[in-house]
Amino acid sequence: MNGYWLVIGLLVGALNVMICHQFWWAVPMFAWLLILLVTRFKKRVCLTVLIMGSYGTFFGVHQIQLNQLGDQLIGDVKTTVMVHPDELHFTGTTIAGFATLPNKERVRLTWFCKEEKPFRELQRRHDAVVISGSGRYEKTAPRRNAYTFDPVGYWRSRGIMHQLVLTQGEIKRAYVPTNAGEFFVGQIRTWHSRLVQWFEQLPPGLRDYGETLFLGYTRRDFYDDNLGIQKMGLVHLFSISGFQVAGLYVIWRRIGRWLGVTRERSLLIVQVLLLGLLLFAGGVQSLVRAVLLALTQAWRELGWLRLSAVDAWGIALLGGLILEPGVLYNLGGQLSYLLTFGLLWLEGKPGWWQCVFLSLLILPVLLWHTYAWHPIGILANLIAMPLFTWLVIPVLTVGILAAWLNITVLTNWCNAFIDGVRWTIAQTEGLPGELTFGQPPMLLCAIVLIGTLVWLAVRRRWLLGILGTVYGIMLLLPNLLPGGFATFVDVGQGDATIIKQHANQVMMVDVGGKLQLPQPDWAAPRKTDFQAQQLAQYLKGNGITKIQQLVLTHKDVDHIGNLPHFLKLVRVEMIYVPLGMQQTDAYKRLVVPYLGTTKVREVRAGMRLNEWTTVHHPFDTGTGENEDSVALLVNVGPKHLMMTGDLDQAGEERIIQNDQLGKVDLLKLGHHGSKTSTAPSFVQALKPQIGVVSAGVNNRFGHPNKETLVTAKQQGMTVFNTAESGMLQYRWRGNQDWWQAEIK
């Protein structure tokens, strides 16, 4: 019966997200699909019960196994692990990737390598090795800031519950496979590693595009070096998935006919090649769906299955959920299945129509995960898809073959063309017009997703009007919601605070930063803009596109070190610095070169930055040191917040001698809770109820110091610490207020 496997696939998908991810929004869809199955496919009730029971049991057992794995004891360990260099990344002196423990558990690996020899050897080797070392076996570290990558959820969806942090280690020997399957997979990974190393020697354009499109290997700095791809929504073009699978399928069938291979044997061989591609690319989630669809196509041609295209899609989903039960948790898996689902109903439509509709179909999912959308992305996809199919891929292929044959002139020509494409896409990074929605409510995302599918079926103009209205509400919602927040971002051993009074008034105090210690000559390049990206992502998640005032309390790197990267990501109208800081070398190095149109003004005690914020320090011209820190008193909803940067106790004493502050409800403890700040007399004068410490986990300074915590306790303060709770958010709506911690 046509459509049965499509419906049962969707039903099992709904069951999957409910059991595996506790996504209860799927309950209405599950109920509707169940009713549809019972009413339209009455003769297959027994088969339906069998399938649902089997999958429900499978998902349930899978979750129980993950929970049992997560309950294992953690702590200091001495162990041996198997790692494959193909799954490792090298940053600074740190080696990160995956490892397999003696009990076959797969874990995330972080090795703080102190010696050049093992570091270089792992960079050079291509075969699996056994490493012996000591460190900590820990649960996956949780997300520390809202609207950023969720390690616990993501790695759980990939079956990984722990991380191994090695502080000492050595390479013992090559790993010897214990069975034929391990040997076969190991050989494929070794070939992949050798190819990646060869591609690394290519010119940048051929290297970046070749590794990503042909090997399924994305360099850690790929999107930093290839701007515009993410903003224009072209990421799907650089994910090894349907394009590569279709290419392999078609090319082999033609080669098989040319070699005289029989049709049946050719279809059997292509299945082996498809499975090899899946293993070769490391089991990329978006590739699982494409390979399964290609396999069902081969089975249909062989006569093993008599299914329509929609039922083949349902079979592919059922198979994908067995191979990777967590595939629907992540953006890549969601887009992969949603795009191909949309294509089922667009057969015979012009290419431009398919591109426009699919862009709108996946928009709710993109907004939920990325919080913004650029309308020009539709035009970019219309141009890029045929361009890549008929020009970029052929030129890339010719360039790589020319490099292999050592035809330098042709290699350089092809690389110049690819560089031209990269440059053109990069120019879109600065285009105005990006719409920042923030993270919309799940209900609204579901309405527009379902509404788009319904419109495809009924084609009513009034439905387009409803969809446009809902999108308008989603866009305006962050500005319509009453209330505000003061957020203490977890930037490790640093400071960054965001205060939103209303839609057009957002102030930041410091942007965090990390002192970059000298690295040995053998260290790999390091990515240094991670914290700035998290700050920008949090702002985007709240629908914030611009900062009206940014206060840099003083010149220390842990307060202003992220500024160069932050100013590239977020518009800032005005920067305030303490009196005298503009003359310092740190200001000239970290601030001046990156200002653009941003204005700068020095402040001193008595100034008002806006109707909610007054300055209470410094009193005199300084040099941006701790003792020159800007101190602010900010009205945050129904309460008052005092922030003092790294101001010392002498500065605090001077504030209470010169100002009548009155009662302060919230105090951000100075200098990360150091004993050099938070004088007892200062706390006694302010009488705060809540204290906030911004400090790094297990920081080497011992912040917050015991003396500071004793002072807080004696004054009856409750102290929150970002090292323990991650990001801290104080929110208010009218006279109602509450606290939220990222780590419960």
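Even glycines carry a Cβ here, placed using N, Cα and C.
TrEMBL: automatically predicted annotations, no manual curation.
Among the features that TrEMBL reports, transmembrane segment is placed at 6-35, 234-252, 272-295, 307-331, 351-371, 378-405, 441-458, 463-481. Look at TrEMBL and you will find 493-697 tagged as domain 'Metallo-beta-lactamase'.
Sequence-distant neighbours of the transmembrane segment (378-405) (same chain, 6+ residues past either end, Cβ-Cβ under 8 Å): 199, 202, 206, 209-210, 213-214, 232-234, 237, 243, 351-352, 355-356, 359-360, 411, 413-415, 417-418, 421, 425, 428. Non-local neighbours of the transmembrane segment (351-371) in the same chain are 147, 230, 233, 331, 334-335, 338-339, 342-343, 377-378, 381-382, 385-386, 436-440, 442, 445-446, 448-449, 452-453, 456, 474, 537, 540-541, 543; each lies 6+ residues outside the stretch with a CB under 8 Å from one of its CB atoms.
Looking only at the domain 'Metallo-beta-lactamase' (493-697), the predicted model's pLDDT averages out at 93.
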